[in-house]
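Here is what TrEMBL records for this protein:
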- B:CYS83, B:CYS86, B:CYS123, B:CYS126: Zn(2+) binding site (BINDING)
- B:HIS115: Fe cation binding site (BINDING)
2 protein chains.
Amino acid sequence: MRKRAALRQADILGVLEASDRPMTAYQILERLQVTEPDIAPPTVYRTLAALTDQGRAHRLESIKAFVPCRCSHVESVPVLAICEDCGSVDEHDGSDLLPKLTALTDQNAFRAERHIVEIHGLCGTCAT
Amino acid sequence: MRKRAALRQADILGVLEASDRPMTAYQILERLQVTEPDIAPPTVYRTLAALTDQGRAHRLESIKAFVPCRCSHVESVPVLAICEDCGSVDEHDGSDLLPKLTALTDQNAFRAERHIVEIHGLCGTCAT
DNA sequence: AAGTTTTATTTTATAAAGTAACAAAATTCA
DNA sequence: TGAATTTTGTTACTTTATAAAATAAAACTT
């Protein structure tokens, strides 16, 4: 990996970790531009792609935003619980969903490569 | 429900059903504009929102596209298996994932309202 | 180490996806 | 019918994401 790539990744992961809410690519961009005004969207997207590929961050597909991975980075099935009220996200390891997920697609000989599991609802605090 | 809304919904569902691939909102729009040139994005998005609310269509969050529901329309957990090679999508009823999904978020008193489960991989035909 | 090739990164520009806000039309119901 | 309500259409725009060309960095070669 190139040095600069690694630095950018650490940078962006730091931004994500410093936030208690998921951030969109453009929110991250804005944040980075405070210190480096010349950064453009492709830089952010490329770096986020690297981070998600490595499992160091997750993209919340249903809300187009990103969170740092707070689990082991090697979960086979990350489960992201999104609060629709306050916007907070909790991450869980859904590895033991795998047998049932596999059973569902097995008859079709589907070969799974990546699982996306997101739950929308209300977090403990907001539900009460 | 208003008559025109019902017609539009049937219209768009028909377009989706006639396709063997998921369609983006703008692909649907283009298709509709063949016969009704004045239709604009909000019409399509509004109608798609109604259809997905009713469970008559699903939005594939990870690829920003839509498919008609080919299950019962009342599945608690639709599971969509997306082939990364040919783009085909198979729908399964993942209702029996529910206990384990619930167990994951229970300790946090999270109240789930909607589950999103998508699997990326290779379909039987493309995997061989 | 200098020059050459390869690969990665930045820049520019634009494409694609989605929505806010208001205007017009249809529907409801007194 | 006609005033109130809701739905639909229109315009314009915002947000999200990426293609492609230009530039810079790293790696290789001798």
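Just so it is clear, glycine is given a Cβ too, placed from its N, Cα and C backbone atoms.
Across the structure, B:CYS123 (Zn(2+) binding site) and the residue listed as 'Fe cation binding site' are spaced 23 Å apart at their Cα atoms. Between the alpha carbons (Cα) of B:HIS115 (Fe cation binding site) and B:CYS126 (Zn(2+) binding site) lies a span of roughly 27 Å. B:CYS123 (Zn(2+) binding site) is surrounded by 22 other CB atoms, counting those within 10 A of its CB over all protein chains shown. For the binding-site residues B:CYS83, B:CYS86, the ranking by surrounding Cβ atoms (within 10 Å, all protein chains) places B:CYS83 first. By the criterion of other Cβ atoms within 10 Å of the residue's own Cβ, the least surrounded of the binding-site residues B:HIS115, B:CYS126 is B:CYS126. Cβ atoms within 8 Å of the centroid of the Cβ atoms of B:CYS83, B:CYS86, B:CYS123, B:CYS126 (the Zn(2+) site) belong to the same-chain residues B:GLU84, B:ASP85, B:GLY87, B:SER88, B:LEU122, B:GLY124, B:THR125, B:ALA127, site residues excluded. Under the three-state DSSP scheme, B:CYS83 (Zn(2+) binding site) falls in the strand class.
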